[in-house]
Amino acid sequence: MKNNKDTRVVVGMSGGVDSSVAALLLKQQGYDVVGIFMKNWDDTDEFGVCTATEDFDDVVRVCNQLEIPYYSVNFEKQYWDKVFTYFLDEYKAGRTPNPDVMCNKEIKFKAFLDHALALGADYLATGHYAQVRRDKNGRVEMLRGNDENKDQTYFLNQLSEDVLDKVMFPLGHLPKSEVRKIAKEHELVTAEKKDSTGICFIGERNFKEFLSEYLPAQPGEMQTLDGIVKGSHDGLMYYTLGQRQGLGIGGSGDPWFVVGKNLTDNILYVGQGYENDYLYSNALVATDINWIQPDKISDTFNCTAKFRYRQQDSEVNVTIKSENEVYVAFKEDQRAITPGQAVVFYDGEVCLGGGTIDTIIKNDHKLDYVG
């Protein structure tokens, strides 16, 4: 085992407070720390300002404060090919993708990890709120971050055990408030910087406008599942299951929600009431399955699952259909399960892995109106 001072750790630095504190903590622990900034997207805004330039300037300032070397690496082509193309393809298919999951799988913990290892790094560290633990046999597990509100294992569900063996999450045991406090105590220039929100390549821009630049919108009818026309939609890709905002349906009674999509006829299905029965299901089929420790997964088992970020866990039964497909039965009916989103499985604090929601099931029947 190497001493810390002989162990090189490349820190993926975004210019935010989390990655800044991750680098600080590793430096304090005596590691040979190198900061690297990834440029994944040409994000010049409407005023000609490139936010990536501002973020890199913050990385430079923090690295100078910490007295560690820093570099920048460009993954724009890989990001376009592996993440953005997938993002557009999913929307074309009427689904609601999660680009953060794909970015972690293909860019941060693949292209970037390979780059770090090529630089002689022993580990790649990031500011994610998750934890890596070795069990008594030396096997690597991923645990939730201690800060329940910030835990990011949902977005890291596609990482393999081999990848996690080369990864450090220095913030995993800390609450966010403590991370801010550490940054202020050490007067890091990013201490007061607000957290980035939304999809990285959209930034603060209007989602509808952004998407329409790449996919032509096809307006069509809004109908109930009984065929009653309630208005028109701007394009199916702009709507997701359970959505209430932006439907423009007036009148009295309960509010209206998106309950499904018909891609063939370009119809957006709507239903009245938050508890609308059409929004509920009791099972799903997921594909693109990744198990962090696949040899420990049995053919059928009980665990908990999340169907969206920051959702409470739900009890489920998982049946393996093939290497790339699972059937997930819910103990209690779930509302607005959305194709394209991630389903992530847990055994207590341990993240088992996850997949992409493909098909929604109710009483043993596929819900065709979901898309």
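Glycine is no exception: its Cβ is also placed from the backbone N, Cα and C atoms.
With GLY12, MET13, SER14, GLY15, GLY16, VAL17, ASP18, SER19, GLY127 listed by Swiss-Prot as binding ATP, the candidate from MET38, MET102 annotated for that site turns out to be MET38.
Classification of CYS200 (active site, cysteine persulfide intermediate) by DSSP places it in coil, neither helical nor stranded. Listed in sequence order, the residues of the same chain lying 6 or more apart from CYS200 (active site, cysteine persulfide intermediate) and placing their CB within less than 8 Å of its CB are ASN40, TRP41, ASP43, PRO99, ASP100, CYS103. Sorting the binding-site residues GLY12, GLY16 by the number of other Cβ atoms within 10 Å puts GLY12 first. Around the Cβ of HIS128 (site 'Interaction with tRNA'), the number of neighbouring Cβ atoms within 10 Å comes to 26. Cα to Cα, SER14 (ATP binding site) and HIS128 (site 'Interaction with tRNA') are separated by 11 Å.
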